[in-house]
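Worksheet for the structure shown next.
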Amino acid sequence: MSNTYGTIFRITTFGESHGNAVGVIVDGCPPNIEIDEAFIQSEMARRKPGQSKIVTQRQEDDEIEILSGVFEGKSTGTPIAMMVRNADQRSKDYSHIADRFRPSHADYTYQEKYGFRDYRGGGRSSARETLARVAAGALAKMILAKVNIKIQAYVSQVGPLKLTTDYKALNIPNAETNIIRCPDDAVAAKMIEFIDETRKNKDTIGGVVSCVIEGVPVGLGEPVFDKLHAELGKAMLSINAVKGFEYGSGFEGVEQFGSQHNDKFYADEQGNVRTQTNNSGGIQGGISNGEDIYFRVAFKPVATIMIDQESINDKGETVTVSGKGRHDPCVVPRAVPIVEAMAAIVMVDFYLRNKAIRLD
């Protein structure tokens with residue numbers, strides 16, 4: 001099982017949904033970085049369950065404990081271990097699926113691969129694991145802030161409801177003022193109503209999280225196999241429920257001619273090389289070109305629904321699976337900080353890797 005990500009800035013997550021704790025060990029964090037524990041906790045609060053009527057009602061404080069690697073408020077350069085203790089497990093809600101495979105869950109594949117599985121809340125395959133990524137991502141954001149790299153994500157689609165406004169015309173921080181995390185209040189209200197109706201119908205719905213990375217210097221990315229967009233895609237696709245990733249013009253770019261799609265270069269008043277358009281999404285040849293990096297991440301509907309479904313058990317017999325427990329009717333409101341965290345982890349790793357190969 002692969003539980004570690006990164007080359008220089010490396011994270012290893014541990015823990016299960018209904019185990020004692022979930023946590024992360026971060027190796028490669030530079031020394032003498034001021035560690036703002038309040039900021040880490042605020043990032044955890046953005047992801048935690050029970051924060052509104054349109055997310056799971058599992059009640060967890062998700063209070064982070066820093067176990068090592070920090071002294072007098074600064075990183076020491078040694079591994080930083082952080083942990084959150086689980087408090088509101090209701091494992092009995094899952095006893096009915098101990099021998100049954102839930103449709104579109106990881107139950108069957110984990111059972112077949114490992115010959116054994118923790119069925120309580122999905123065990124290691126649960127999205128609760130992502131709290132560890134958010135904690136590590138908060139550290140990454142602190143480092144990136146020192147070099148003026150800023151990452152912001154927001155909900156741009158829920159089911160058929162789309163926010164079509166270009167990100168440059170949006171006040172992205174406004175996304176944090178509503179429970180869906182969409183920066184357009186009018187669209188947000190429609191999304192919230194749609195999710196609430198879906199929940200009342202005992203069903204779930206998917207959505208899209210858009211992300212913008214500003215202030216990226218030219219040169220981040222390691223061709224040919226560790227291209228910047230390839231690693232961003234890998235990081236996003238490792239998040240639970242993600243079914244798609246596109247950056248820049250994405251799939252819409254196939255409808256353009258090369259004469260339309262090419263980003264023409266020019267020199268600005270300071271002599272910096274810029275592009276007139278940004279269909280490349282800030283990345284060319286797998287290397288950042290100094291423009292904004294922007295991408296979109298598609299999340300499927302949550303697999304656990306409160307409607308009876310036909311499935312099979314571990315004996316191959318046809319059974320009925322009914323959803324129990326507490327689950328999100330739509331993951332995207334809580335996925336926003338997870339997308340930001342994984343983007344931050346990727347970007348800080350590439351920043352440090354770039355520093356390692358240049359002497360100037």
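Here the Cβ of each residue, glycine as well, is placed from N, Cα and C on the backbone.
Taken residue by residue with DSSP, ARG47 (NADP(+) binding site) is part of a helix. Counting every protein chain shown, the number of other Cβ atoms lying within 10 Å of the Cβ of ARG47 (NADP(+) binding site) is 25. Residues or ranges marked as NADP(+) binding site in Swiss-Prot (evidence: sequence analysis): ARG47.
Taken residue by residue with DSSP, SER126 (FMN binding site) is part of neither helix nor strand, so it is coil. Of all Cβ atoms in the shown protein chains, 19 besides its own fall within 10 Å of the Cβ of SER126 (FMN binding site). Feature annotation from Swiss-Prot assigns FMN binding site to ARG124, SER125, SER126, ASN240, ALA241, GLY285, LYS300, PRO301, VAL302, ALA303, THR304, ARG326; the stated evidence is sequence analysis.
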Query = What is the separation, in Å, between the Cα atoms of ARG124 (FMN binding site) and ARG47 (NADP(+) binding site)?
reply = 18
Inquiry  = Neighbour count, 10 Å Cβ-Cβ cut-off, for VAL302 (FMN binding site): what number do you get?
reply    = 22
Key: binding-site residues: ARG124, LYS300 - member with fewest neighbouring CB atoms within 10 Å   = LYS300
Task = Write out the long-range same-chain contacts of ALA241 (FMN binding site), meaning residues 6 or more apart in sequence whose Cβ is under 8 Å from its Cβ.
result = ALA127, GLY206, PHE299, LYS300, VAL302, ALA303, VAL331, ALA335
